[in-house]
Amino acid sequence: MYSFMGGGLFCAIVGNILIVVSTATDYWMQYRLSGSYAHQGLWRYCMANKCYMQTASIGSAKLPWSHKLTTEITGAVLWFVQAYWNATRAFMILSGMACFAGIMAGILSFAHFSAFERFSRSFAAGIMFFISTFFVLLAMAIYTGVTLSFLGKRFGDWRFSWSYILGWVAMLMTFFAGIFYMCAHRMYESRRVVGSR
């Protein structure tokens, strides 16, 4: 049981670090713009060794087909891209918070306090890790879908980069942390049932 919890705690800590690094860094996408390489993250985009705050204009005003759109449609695209940035950011932050809460519950599951006998901390930790996994999955799905549908079309030479990949790895780590803690919970419950006989 403790080996499952230890493995789950290790996966969760690594996953939480990866979530924070992925969310904070500026390498979700790399592309060539005006003959030089540029990259962008959830908060900033960088060109010619200078970084700027991510706004709706970088996401939509330079789309190759935006000059053909009417004002109303361009406004809708601006709103959509801004909502996409905000949703991706929010789900990554929520994922990090859920993972951190799971880590706290996971650490407490090693202790045996009589006040918590009715509350299974290992089960709570597993649930928090699965919630974290779900939030990362939502963030990555939104980013991937919008990038492939809209943002990727404005650049001829682009690719996902290492911050984006860290997000997917973080999702796997939090998922396995949840699996480990659920296995620990099942082992604890089966031992308790056997011990009560």
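Don't overthink the numbers, they just go from 1 along the chain as shown.
Backbone N, Cα and C define each Cβ position, glycine as well.
If you look up TrEMBL, you'll see 6-29 (among others) marked as transmembrane segment.
Sequence annotations record features per position, and here TrEMBL assigns transmembrane segment to 91-111 (among others).
According to TrEMBL, the transmembrane segment annotation covers 123-144 (among others).
Beyond the ends of the transmembrane segment (164-184), by six or more residues, the same chain brings 1-2, 4-5, 7-9, 11-12, 14-16, 18-19, 21-23, 25, 27-29, 92, 95, 99, 102, 106, 109, 122-123, 125-127, 129-130, 132-133, 136-137, 139-140, 143 to within a C-beta distance below 8 angstroms of the stretch. Annotation comment: TrEMBL describes 164-184 (among others) as transmembrane segment.
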So which residues does the transmembrane segment (91-111) touch in its own chain, when a touch means Cβ under 8 Å and the partner is 6 or more beyond its ends?
2, 5, 8-9, 12-13, 15-16, 19-20, 22-23, 42, 120-122, 124-129, 131-133, 135-136, 138-139, 142, 167, 170, 174, 177-178, 181, 184
Can you tell me which parts of the same chain pack against the transmembrane segment (123-144), counting only residues 6+ beyond its ends and a CB-CB cutoff under 8 A?
8, 12, 15, 19, 28, 84, 87-89, 91-92, 94-96, 98-99, 101-103, 105-106, 109, 164, 167-168, 170-171, 174-175, 177-182, 184-185
